[in-house]
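According to Swiss-Prot:
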| type | residues | note |
| --- | --- | --- |
| BINDING | 27, 58, 59, 60, 82, 83, 84, 114 | 5-amino-6-(D-ribitylamino)uracil binding site |
| BINDING | 87, 88, 128 | (2S)-2-hydroxy-3-oxobutyl phosphate binding site |
| ACT_SITE | 90 | active site, proton donor |
């Protein structure tokens, strides 16, 4: 995720339309509203089409992204939510597992900006959700756009990994086997 930094890459430009899904766990309403406004602002500024998908909690964000990636035509995703430490170890599970799952999806080539806020206090969450302050959601939207631009700069995928259909096996000498 892009965040508060002195390094401003600016927004990438695209020669073909881009479609992004904002996947958010709106557990804390006021924080979620600020996150959505910030992410949408960045995507609108880049003239990028976007849709919003709501899920119950931050643990469901990666699953929703995986489903949407397989079942739709989104070029990238912005993961949003907020996890504030409580009195139990549940915070650690949610923070670690949602981050791990988003990273695993990213390593599979899915363009994701991670804007899930993980903090100790509500004040810290509000500071990070504020589009005029730390703006983690806007930074996540920018990160997703930069990953989409990077992916497009390399052209079409080189091909799928896995088994070829029966009858398409190629032998080293150039012949094929049915």
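In case you wondered, yes, glycine gets a Cβ from its N, Cα and C as well.
Mapped onto this structure are the features recorded in Swiss-Prot.
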residue : record                                           : Cβ contacts under 8 Å, 6 or more apart
27      : 5-amino-6-(D-ribitylamino)uracil binding site    : 57, 58, 81, 82
59      : 5-amino-6-(D-ribitylamino)uracil binding site    : 94, 97, 98
60      : 5-amino-6-(D-ribitylamino)uracil binding site    : 25
83      : 5-amino-6-(D-ribitylamino)uracil binding site    : 58, 91, 94, 95, 98, 116, 117, 118, 119
84      : 5-amino-6-(D-ribitylamino)uracil binding site    : 28, 91, 119, 120, 121, 122, 125
88      : (2S)-2-hydroxy-3-oxobutyl phosphate binding site : none
90      : active site, proton donor                        : none
Message: Please give me the CB contact count at 10 A for residue 87 ((2S)-2-hydroxy-3-oxobutyl phosphate binding site), counting all chains in the structure.
response: 6
- request: Determine the Cβ neighbour count for residue 128 ((2S)-2-hydroxy-3-oxobutyl phosphate binding site): the number of other Cβ atoms within 10 Å of its Cβ.
  value: 24
Task: Between residue 114 (5-amino-6-(D-ribitylamino)uracil binding site) and residue 128 ((2S)-2-hydroxy-3-oxobutyl phosphate binding site), find the distance joining the two CA atoms and give it rounded to the nearest Å.
output: 13
- prompt: Secondary structure at residue 60 (5-amino-6-(D-ribitylamino)uracil binding site) (DSSP, helix/strand/coil)?
  reply: helix
Query: Rounded to a whole angstrom, what is the largest C-alpha distance between any two of the residues 87, 88, 128 that the record assigns to (2S)-2-hydroxy-3-oxobutyl phosphate?
result: 23
Statement: residue 90 (active site, proton donor) -> DSSP, reduced to three states, gives helix
Field: Cβ atoms near residue 114 (5-amino-6-(D-ribitylamino)uracil binding site) (within 10 Å, other residues, all chains)
entry: 27
